[in-house]
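K.L.:
Sharing a structure with you now.
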């Protein structure tokens with residue numbers, strides 16, 4: 001009797017759907033090239049799946065306004081021991097990674113901070129640029145993201161939809177994930193080269209300031225629109 005194909009659990013946390021698109025792309029490549037059986041699952045439903053039933057696990061999560069989703073953070077906290085005991089990998093998705101000096105685990109502040117604070121030590125980490133969907137955002141998100149993009153030198157045309165993802169990098173990551181050995185050797189905490197705390201706090205503070213200013217801008221614009229309608 002033929003042996004069953006290896007199974008891979010692929011859990012994603014997405015804000016606007018693009019992280020799932022990336023995960024689906026990786027799953028298709030694995031299925032085509034290695035015949036691995038891939039279960040692509042929203043991490044909100046992750047607890048319905050038993051990690052011990054899989055040979056490998058991949059987690060992918062988007063970042064919005066500097067934060068991963070609560071569902072993603074809670075899942076990792078709950079299952080970090082199981083994740084570290086099996087072949088596991090992780091990728092984050094954020095617009096900051098559109099910049100070449102912000103698209104690795106050591107240079108992307110959000111990813112680096114998460115890994116340094118997490119008890120989980122994935123064997124493989126990727127950072128991918130996300131997508132900008134101005135027409136699909138609600139008013140608040142559109143104004144705030146537009147403001148952040150202006151401050152960071154990005155696209156501010158609210159009619160644009162832009163995918164910044166480097167698909168070649170995604171394919172390389174998929175190949176590296178497929179190559180992870182099934183046996184997990186003891187390993188130290190992943191070396192993400194954390195910068196001094198002051199720098200991290202400064203970076204986080206800057207993003208908080210951007211969020212506050214952006215929210216203020218959104219409120220002001222909303223008030224002006226309401227006032228104009230009443231007038």
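Each residue, glycine too, has its Cβ placed from N, Cα and C.
Checked Swiss-Prot, it gives:
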type     : residues      : note
DOMAIN   : 8-178         : domain 'Flavodoxin-like'
BINDING  : 14-18, 90-158 : FMN binding site
TRANSMEM : 208-228       : transmembrane segment
K.L.:
Neighbour count, 10 Å Cβ-Cβ cut-off, for residue 115 (FMN binding site): what number do you get?
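P.N.:
I get 22 for this one.
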K.L.:
For a quick check of packing: other C-beta atoms within 10 Å of the C-beta of residue 14 (FMN binding site), how many?
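P.N.:
If we count other Cβ atoms within 10 Å of residue 14 (FMN binding site), we arrive at 21.
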K.L.:
Sequence gap of 6 or more, C-beta under 8 Å: which same-chain residues meet both conditions with respect to residue 135 (FMN binding site)?
P.N.:
158, 159, 161
K.L.:
State the count of C-beta atoms found within 10 angstroms of the C-beta of residue 125 (FMN binding site), not counting that atom itself.
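P.N.:
Counting Cβ neighbours of residue 125 (FMN binding site) within 10 Å gives 21.
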K.L.:
Averaged across the domain 'Flavodoxin-like' (8-178), what pLDDT does the model get? Just tell me the whole number, please.
P.N.:
96
